[in-house]
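**Q** In case it helps, TrEMBL gives these features for our protein:
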- Arg42: L-glutamate binding site (BINDING)
- Trp102, Thr152, Asp177, Gln200, Asn242, Thr243: pyridoxal 5'-phosphate binding site (BINDING)
- 5-353: domain 'Aminotransferase class V' (DOMAIN)
- Lys201: N6-(pyridoxal phosphate)lysine (MOD_RES)
Amino acid sequence: MTRPYNFSAGPAALPPEVLTEAAAEMLDWHGSGMSVMEMSHRGKEFTSIIGQAEADLRELLAVPSDYRILFMQGGALAENAIVPMNLLGNRHEADYVVTGAWSIKSQKEARKYCSVNIAASSEADGFRAIPPQDTWRLSKNPAYVHICTNETIHGVEYFWTPDLKSAGLPDTPLVADVSSHILSRPMDVSKFDVMYGGAQKNIGPAGLTLVIVREALLGRALPVCPSAFDWKTVAEAHSMYNTPPTYAIYIAGLVFRWIKGQGGLAAIEQRNKAKAETLYRCLDESDFYRTQVAPACRSRMNVPFFLADERLNEPFLDGARERGLLQLKGHKLVGGMRASIYNAMPLAGVQALVDYLREFERSHG
Ligand SMILES: *Cc1c(COP(=O)(O)O)cnc(C)c1O
């Protein structure tokens, strides 16, 4: 059986090696006589699974020892509420940088809990670039500054990390929604205070949310914050305050091990760079296709593109499906096409897409 190449933005393709291993262990995990789905989350088997997953993630991302890793639920969208509930304390204002659809949602949710200062926005420009930090208008004493480091829908990515110290806010936490590019390359966790993301892009199945938080920020939750969403409560219970998404954590653990086997994040980054360069080069070489994002801000994970003649969209997608190139239709907010090329997409999949792009242009251009 040859698998098609799945370019879905999320839930997204997983490495076949991970799926094969999970299938082999489905009925009986390591001689336990149980599927991981059937285990007590407090038993020794699952305790070892979650412990190994956390240790492997800590090693991969070089998470400093004064940061906690939390396995939560509710997705990145729930974190949009969980972040202000955990960080506002007695302040009433937070700063947001708006660079696309996901950061729009983040700041909108935060308005239920505090007033929001939009420190910068690229909306007027159609979200084609990340506003440089020297254009941000940060407020004097925000509870935190929130960014989305990879905008999955608009296809813009930060390749630099904001420095709030140089902006005169040395004690202000920097919070990042990293859902769609975490583990695509090394990131310096110590430059952030909170990173969060849904697992279903680059980590594993839907239903698991990853939070990496500086320990000193725990214990500030508003009284209304649900206990299951209070980072301190979750951290003290080692992500077992409520029953965690056990199977999703198990698969995420297999993915972390798979990444280690690939040579870790530096090696993964080289592969992701090669994939993105291959695809963008093909799009740039042609007038038949176009892209909108400024080259310096082009996401390596999510590549929106357009056919110059939009009447060819349906034939393009039909032909792609026939060749086993799935889920290339763009998000409705942006239109056109989008190829998501997360860690699990091999270079051969990108090459197959590039071959199809050229072939379709030859037959329709
Ligand atoms: C997918 C995505 C979300 C939404 O995640 P949910 O798990 O559906 O809540 C939020 N932010 C970014 C950047 C995303 O890619």
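Glycine is treated like the rest: Cβ placed from N, Cα and C.
Automated prediction, rather than curation, is the source of TrEMBL annotations.
Worth saying up front: this structure is predicted, and the values here are computed from it rather than measured.
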**Q** Please identify which of Arg42, Lys201 has the densest Cβ environment, defined as other Cβ atoms within 10 Å, among these recorded positions.
**A** Lys201
**Q** Taking the Cβ of Gln200 (pyridoxal 5'-phosphate binding site) as the reference point, list residues of the same chain whose Cβ is under 8 angstroms away and which are at least six residues distant in sequence.
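**A** Listed in sequence order: Gly10, Pro11, Ala12, Ala206, Gly207, Leu208.
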**Q** Which state, by DSSP, holds Asp177 (pyridoxal 5'-phosphate binding site): helix, strand or coil?
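**A** Asp177 (pyridoxal 5'-phosphate binding site) sits in a strand per DSSP.
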**Q** Going through the binding-site residues Arg42, Trp102, Thr152, Asn242, Thr243 in sequence order, which have a CB under 6 Å from an atom of ligand 1?
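**A** Checking each Cβ against ligand 1, the ones under 6 Å are Trp102, Thr152.
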**Q** Could you give the maximum C-alpha to C-alpha distance in Å for the residues Trp102, Thr152, Asp177, Gln200, Asn242, Thr243 that bind pyridoxal 5'-phosphate per the record?
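**A** Between the most distant Cα atoms of the pyridoxal 5'-phosphate site, 30 Å.
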**Q** Can you tell which of Thr152, Asn242, Thr243 has the least company, meaning the fewest other C-beta atoms within 10 angstroms of its C-beta, among these binding-site residues?
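**A** If we count Cβ atoms within 10 Å for the binding-site residues Thr152, Asn242, Thr243, the smallest count is at Thr243.
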**Q** For Trp102 (pyridoxal 5'-phosphate binding site), just count the other CB atoms lying within 10 A of its CB, please.
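**A** Result for Trp102 (pyridoxal 5'-phosphate binding site): 20 other Cβ atoms within 10 Å.
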**Q** Have a look around Asp177 (pyridoxal 5'-phosphate binding site) and count the other CB atoms within 10 A of its CB, chains all included.
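**A** Total other Cβ atoms inside 10 Å, all chains included: 27.
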